[in-house]
Each structure stands twice: as structure tokens, then as C-alpha cells.
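Colleague: Please see the structure below; I have some questions.
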């Protein structure tokens with residue numbers, strides 16, 4: 001029986017064949033650019049894609065809070081193979097195929113946050129809304145995909161992007177840089193999107209105690225859960241809102257990591273207590 005890990009490894013083995021089939025020769029320049037494949041699409045030459053990838057990688061390393069650069073890095077490094085692998089993972093799953101057919105979007109217009117807040121505290125919907133409120137964020141902050149040529153694959157990237165906050169909610173990881181790096185490490189093992197793996201290098205920007213905590217607590221957690229968990233891109237989150245969140249975690253093989261905000265709060269209290277005793 002295939003495991004989540006073996007399925008993802010099998011995808012790597014088909015890299016050469018997939019790239020040969022799907023990489024399109026793009027004979028255009030700045031003065032001869034083809035028409036976009038979907039609203040908002042910006043076709044890129046290989047040189048442009050490479051420059052954007054390098055620039056966004058350096059920029060996001062210097063400032064991990066630049067969501068626009070992280071989004072650009074995600075798009076420019078996902079082709080020609082990785083976004084197709086993720087799309088194929090959806091095509092091989094009944095729920096994934098339904099998501100591709102329905103093309104749902106996750107915004108404050110498609111989800112009723114007041115309703116989610118009214119659900120029992122143990123539900124997925126309440127957990128998601130409570131996480132948004134706790135972190136002070138909105139589902140409307142995800143930028144639209146621009147640099148992926150294939151229209152269906154562009155939706156796959158958009159879906160991943162809009163589901164990201166659900167990953168935060170079910171793991172409990174906050175949006176601070178330390179929490180984002182931990183979640184990106186988990187996402188890399190689950191999705192194989194290069195940007196998520198490259199984001200781990202931002203750990204060099206953490207304070208020494210944060211970096212030590214990442215290596216000793218959250219990276220081992222990310223490896224365990226990322227390899228064991230099912231493909232999260234195939235979760236129809238809109239249909240899970242009234243489910244028990246712990247049951248869903250168990251079904252997806254997601255281990256909840258230690259609460260990062262609680263860890264940081266206790267450390268601050270310990271430091272204050274130590275200063276008072278001096």
C-alpha cells in the first residue's frame with residue numbers, strides 16, 4: 001500500500017519525463033510577449049524567471065516578512081516540475097479532482113467568519129476563525145498568481161496559498177517569523193514546493209534562542225508530520241468546518257507541535273522573574 005512519502009518520492013522519479021512532456025519552448029522577448037493565459041497572468045522568459053527567482057529569494061531572506069517576495073519566489077521556482085506534481089496529486093485523488101472542478105476560493109466573502117466564530121470550540125471552523133482573530137489576519141491578504149503559465153496549475157498554486165492559514169490553524173503555529181519557518185518546513189515535506197524548503201534558510205535570521213528552538217523542537221516536528229501526513233492540497237476545507245479538529249488532525253496524520261506563543265510567554269516570564277531576583 002502506498003504511503004504519503006512513497007507517493008511523493010515516486011513523483012520525483014518522473015521528473016525527467018514530466019518536464020520533457022510539459023515544458024513549452026517560449027520564443028518571445030520583451031518586445032514580443034504572448035497574450036496572457038488567464039486574467040493577471042504575466043508570461044516570462046527563462047531569463048526573467050531566473051532573475052525574479054534570485055531577486056525574490058535574496059529579498060525574502062533579508063526580510064522574511066515580505067509576503068510579496070515569498071509569493072514571487074513560490075511561483076518562479078515551482079515550474080516546470082513541482083507545480084505539476086502537486087496538480088497531479090490532486091488529479092489522482094477524488095477530492096482533489098473535485099476541488100479542481102469546483103475551483104473554490106477562500107476569502108471573507110466565501111467564508112462567513114461570524115458563523116465560524118459561533119461554532120463549538122472543538123470544530124475546524126472555530127479553530128480557523130479563532131486563529132485569524134488571534135493573529136490579526138484576514139483570508140483576503142493572499143495575492144493572485146501571476147507567473148505560472150498553465151492556467152490549471154495557477155489555480156493549484158492559488159489554492160495552496162489560500163489554504164495556508166488553515167495549515168496554521170490546525171498546527172497552531174503563529175505568523176511570527178519563527179512560526180512561519182516551522183510551518184514552511186512542514187509544508188515542504190508535504191507539498192515539495194521549492195519555496196517552502198528555501199524558506200527554511202531564513203532560520204539564520206532568528207535570534208540564537210529562537211534558532212536553537214527551531215532546530216531542537218520545530219524542525220524535528222516538521223519532518224515527522226510532513227512525511228507522515230496526507231497531501232493537504234486535497235483537503236476540501238470548506239467541507240470540514242463543522243468537524244472536530246482533533247479528528248481531522250488524526251485523519252491527516254498531523255501531530256500538533258508545542259504552542260510557540262506559550263513557549264515564548266513562559267520564557268519572558270522566567271526572564272522577568274530572574275531580573276527581579278537580581
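Using N, Cα and C of the backbone, Cβ positions are placed for all residues, glycine too.
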Colleague: Since Swiss-Prot lists 164, 165, 168 for Zn(2+), which candidate among 151, 152, 180 does it give for that site as well?
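Modeller: According to Swiss-Prot, the candidate sharing the Zn(2+) site with 164, 165, 168 is 180.
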Colleague: Could you name the residues, excluding 164, 165, 168, 180, of the same chain that surround the Zn(2+) site, i.e. Cβ within 8 Å of the Cβ centre of those residues, in sequence order?
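Modeller: So the extra residues in range turn out to be 166, 167, 169, 173, 175, 183.
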Colleague: Could you tell me which three-state DSSP class residue 168 (Zn(2+) binding site) falls into?
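Modeller: DSSP assigns residue 168 (Zn(2+) binding site) to helix.
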